[in-house]
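Features reported for this protein in TrEMBL:
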DOMAIN    122-143  domain 'Stealth protein CR1 conserved region 1'
DOMAIN    160-264  domain 'Stealth protein CR2 conserved region 2'
DOMAIN    310-356  domain 'Stealth protein CR3 conserved region 3'
DOMAIN    385-433  domain 'Stealth protein CR4 conserved region 4'
Amino acid sequence: MTAAEVPYLLVRDASHRLVLAVDSAYSVPLRRVLGAAMVAGFICNEKQHNVFRLGRDLDPAHHVDIEVWEFHGDTVECPRPNALTRNVFDLGDVEFTTVLLFDASWPTLDGMFAPHPTDVGFDIDIVFSWVDGSDPEFRARRAGMLAQVVVGEGDDADARIRQIDELRYALRSVHKNAPWIRRIFICTDSRIPDWLAEDPKVTIVRAVDHFSDVSALPVFNSHAIECRLQHIDGLSEHFLYSNDDMFFARPVRPSMFFTPAGISRFIEAGTRIGPGGNNERRSGFENAARMNRRLLAERFGHVIIRHLEHTPVPLRRSVLQEMEAAFPEDFARTSASRFRSATDISVTNSLYHYYALLTGRAVPQEAAKMRYVDTTMYTGLALLDGLEKRRNVDFFCLNDGSFPEVPETDRVRAVSQFLDTYFPEPAPWEKPDTIAGSITAYESGAA
């Protein structure tokens, strides 16, 4: 619009979407601009009278709205209220200024981008746990130690360590749909991915850096890593924890995870934990849920009944530190558990969230939409096409089940094609000229 000499203001609407506001006196050149954009491949829809949505991305959540404002002398009429004004306001009540966003200066109204009491204004980081199961040295070390122990159902499956470049796309989803994340920490003792360049926003965390008992290392147990998150140097007080099979499916705001007061919001699943105690026949996941239930019942007298959804989860370092002091033996035992065991706790699913709920620092939420996909089942792979086309969930999890019915090459191809389509744009921390997509990598033996 600058090239067409159409002046505009940058505003944010009531839902924090960015909007370009244009004086109705420029309606004719504006429509020429929109027409040229459509010829160039952009999608343009008139959402309501004097509101147009423009974008090139397949996901409408990434489109920008253009509003036509009507100036009647000293009065301005907008098609919708925004973060600052009502539908109609007096021109004398506002002042024009600029705001710095995306490394550029934009004309706007004074106060339009001022922080509100209901905004989440504190830093939020994210931590990923990840292993490179394609590394022969790692696989040999794990297999040698696994032969010496007895684990629960499915806990020795290749799914526990298998990877086909999901981390690359999980990080792309952060960059695209949660750009407010301050720093990304990757907990791994695997080799650094070939595609990952040095970047101030991304930090590799080795177990020796946040485990106090290094004699327990190496560990091949995510439950153990979860017990040590609060000891990661430089991690913000408020942070998210995620796995490489969990993805931000569309733009989300910090308020999806925390209230402005710092209360965490977690998502319960419909799946029940079920009756019975922990035993060696159950999977480590099911045993940990029962250990969590017992600890919380003993301390608070409440019985938890549901698992959490497979999504990034919000945590606070101070609450984790408090929990470690409250359950020292359980944290120490689990952090020293090389593989999943029948006596592990699971801090991130769901001990932390129910402990925080019962002490007034977390609440369950039902606004988030997520989709769980077991990519080793044909019924799971059948969901991918609709998930990519509709893009109507906030998160999705592409889980690699322990008991597959889909041949591995078919699963790799389907998942890789889906991720390449859903997140095609490289993130700033990716090296140029690295294989973008794991189909080629897998078939060449690199994955």
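Note that Cβ sites are derived from N, Cα and C of the backbone, with glycine treated the same way.
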Ranked first among 122-143, 160-264, 385-433 for CB pairs under 8 angstroms with the domain 'Stealth protein CR3 conserved region 3' (310-356):
160-264
Using a Cβ cut-off of under 8 Å, list the residues of the same chain at least 6 residues beyond the domain 'Stealth protein CR1 conserved region 1' (122-143) that approach it.
158, 160-163, 167, 170-171, 174, 178, 180-191, 193, 205, 218, 220, 222, 225-226, 229, 232, 235-244, 254, 257-258, 262, 312, 446-447
Structural state census, the domain 'Stealth protein CR2 conserved region 2' (160-264) (DSSP three-state):
31 helix, 21 strand, 53 coil
Reported in the order helix, strand, coil, what are the DSSP residue counts of the domain 'Stealth protein CR4 conserved region 4' (385-433)?
21 helix, 6 strand, 22 coil
Per-region confidence, the domain 'Stealth protein CR3 conserved region 3' (310-356) (mean pLDDT, whole number):
97
